[in-house]
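For reference, the structure discussed in these notes is given below.
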Amino acid sequence: MQNVQQPKKRKLSDEIIAEDEDYQRDPEHPRNLIPEICRLLYSQEAMTGSGGAISMRRNDKIYVAPSGVQKERLQPEDMFVINDDGDTLKLPLNGKICRMSQCTPLFLTIYRLRGSECVIHSHSKRAVLATIISSGNEFRISDLQMIKGIYKRTENRNYRFGEEVVIPIIENTPTDPELQENLVKAMENYPDTCCVLIRRHGLYIWGTTWQQAKLMYECYEYLFDIAIQLKQLGMN
């Protein structure tokens, strides 16, 4: 009887390699999008001095920008690939020596609590100033057209003109992982929010798609800028 050779079962590493090869043909692969958006935010002075990071989910894999690198020079090959448990599936390609972002535990927490597909962390000057001019643990703003670009999670719709957007502010800590406990509390206490501000540090923003996260980031930045200028003018 002739032996029938069984096809070889693909290993997880083979699947990762096959999927990663797609980035050379797919401009919306996380390996391409993360460097592109990092360069954009660098040009807006939100990711200078190696600060900030972006993470995106693609199927069951999570792509994370490395830490301590010049964000405007990131390349597709520089990304870490991890799973939902934080296990490293793939290191940066071409033998590059990079460090996993300190934001990774917070990215994983946001994915777990919100089911997001993209998380942006930046050291935006507008976000920092917004936390300084806000005396309490919240940033509040209303009656501006750009509020309509912010997603209201519990009602599965965007905010309407005239509604008030409330963003929680948590206190900064010596390291990013130490922010996790207060980040979780803020997300639980403010179920509508897609943003958490960190006093004198920056912000985390997330969305169900990378497009939503990026658009909301831009809307939040606009709202922070208006609030800062109103404060300078002595207006509410």
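Cβ atoms are placed via backbone N, Cα and C, with glycine included.
Here is what Swiss-Prot says about this protein:
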- 1-29: region 'Disordered' (REGION)
- Cys103: substrate binding site (BINDING)
- His121, His123, His201: Zn(2+) binding site (BINDING)
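Working note on the binding-site residues His121, His123, His201: by count of other C-beta atoms within 10 Å of each C-beta, His121 ranks first.
A straight line from the CA of His201 (Zn(2+) binding site) to the CA of the residue listed as 'substrate binding site' spans 13 Å. Excluding His121, His123, His201, which define the Zn(2+) site, the same chain contributes Gly51, Gly52, Ser122, Ser124, Ala127, Ile198, Gly202, Leu203, Tyr204 within 8 Å (Cβ to the Cβ centroid), listed in sequence order.
Recorded residues Cys103 (substrate binding site) and His123 (Zn(2+) binding site) have their alpha carbons 12 Å apart, per Cα-Cα distance. The Cβ of the residue listed as 'substrate binding site' has 22 neighbouring Cβ atoms from other residues within 10 Å, across all protein chains displayed.
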